[in-house]
Amino acid sequence: MAAVQDPAKVEAGPRPSNPRDGVHRSQHDLVEAAVAAAEAEARLPRKELFARYAPAAVFSSLLSLALVMEGMDVGLINNFFAHPNYLQKFGWPNSDGKMHISTTWQSSIGAGNNVGSLIGLLLNGYLQSRFGSRRVYMGGMVAMGCAIFILFFSQSVEMLLAGNIICGIPWGMFQTLSTAYAAEICPAAMRGYLTAWVSMCWGAGSFLATGVLRGSLNLQGDAGWRVPYALQWVWVPPLLLVGFFAPESPWYLIRRGKVDEAEKSLRRLARKGHYTEESMAETIALMKHTNEMERLEAANASYKDCFNGENKRRTLIVCMAWVVQMFNGQSITQYAALMLKAVGMSTNDAFNYNMGIQSVNILATGIAIALMGKIGRRTFYLFGSAGIGACMLVIGILGFATSKKVHAVPVAAFLIIVQCIFKVSLGPTTYVIVGEMSSSRVRAQTIVLGRGLYVCCGFIAQQINPRMLNSDSAAWNWGAKTGMFYFGFCFIWVLWIFFFLPETKERTFAEIDYLFKKKTPARNFATTPIDLFEFTAPSDKSANTLGHDEQVEEITVGENKRTTS
């Protein structure tokens, strides 16, 4: 005989006597209704979709502007080595009497930023899952504002190295926090647009860096290198306010068992009156069901859980997506001014062409965002890698077949094409893939592991790119021949994408979970039929096996189940 139960603990909607596969049919109906609603939203015109979830689009877009600061810093680090005022302050004469910073110190300063980023990534994986996105974002922004002082008042290359390590810590936090937040606060139909916007912000930062550096060539003395650093302070106060007013990720609140707060957050992320009581119950039911499915392999939401069961496959895909983004040849465009000087251009011309190379960032990423709702992730990645590989092959051939003076302008032109292809394909799509591919319960940790590998690859690139591109005695002096090196990587990436990268376009998180649990081959992700209730949590799972943050939710679920037994 069923026990009398507090009505407040009873699920909304009718409750039949027969559970289906351990889940009440009313809950089943709610989840299926939420999935049907998500499929209907995927067919909406883009204007209507963004009108429904305008607050989510605004908050995600504004918080992602933190990546402008990181993109700007990377652009400054790599191109400052060709800046006369910077060299005059921190360099020393070479054998010809010209001021320079050795290849070893160039690599070390760039590596310092990557070391700091790696520390920030690991910290974020711990902090975001425990304190949420808002508080970690605001803390990182305050740390960022303080760390810039070190770079602004640097007096030696040693201080530059220390400043880049410390600045790298909050930058590393923003790298993964922005992507995870963008993926979690919007419906499936909008995920591609908002996570691709993260790449737009990074590219905008690179473009701003080139413009600021070109303008600072006319400044006298230390102002030539200090002004670019100081401009990063402009971003801190407004972004700190955005973080203060932004709603917390509803997925984080669901994982913490704060269902009421999750409802409030969802309502803030949609236009007023969008959610009815019924549609809110459906949305919450799907989120809780997704959380229950993922709890089977990630009960504690730890780094170890990223390698349990099918999470291992998901983690490897995320890691490979970051590796493909780094080792495809586009990274040499970050050294464009240095490379173009090495192949015979004047300083002013090199910086002018570098502005042209980086200017395509915003336009090309805008095109990618516009196409994101129509073209699949696999298609972007496959044709992007193939296109960049073709350009790297041509650049490499120019390096072998012509002299430096002859191929300087053609190399610059092909670098512009490389940047266009990258920003239309691999650049923004990587953020979409890593945001969608990881399990919701360990999304922050999975993205941290993938981005951490990306940083390690960046460390390697920071060591080899200057050596390949520079022409001093400590370098390899490959110049445009470097294209052949990256062409080989692009060929490998095309094969991996074709056989191992799944298509997640317009799939809900629950559907993606199901496809991975079914061990669906990557090429079949877009066509495999879905049964979300094939996998459910065991009915005898007790609260003491869960993390502390979910025990309240499990007690309620347990009581509901006991009343039907």
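Glycine is treated like the rest: Cβ placed from N, Cα and C.
Annotations in TrEMBL come from automatic prediction, not curation.
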Pick from 25-44, 105-124, 285-304: which range has transmembrane segment per TrEMBL?
105-124
Can we call the transmembrane segment (105-124) and the transmembrane segment (194-213) in contact, meaning three or more C-beta pairs below 8 angstroms at a sequence separation of 6+?
no
Ranked first among 50-69, 316-338, 350-373 for CB pairs under 8 angstroms with the transmembrane segment (160-182):
50-69
Most Cβ pairs under 8 Å with the transmembrane segment (380-402), selected from 194-213, 233-254, 350-373, 446-464, 484-501:
484-501
Non-local residues, at least 6 beyond the ends, that sit with Cβ under 8 Å of the transmembrane segment (50-69):
41, 44, 133, 137, 140-141, 144, 171, 174-175, 178, 181-182, 185-187, 190, 193-194, 197-198, 201-202, 204-205, 208, 232, 235, 239, 242-243, 246-247, 268-271, 274
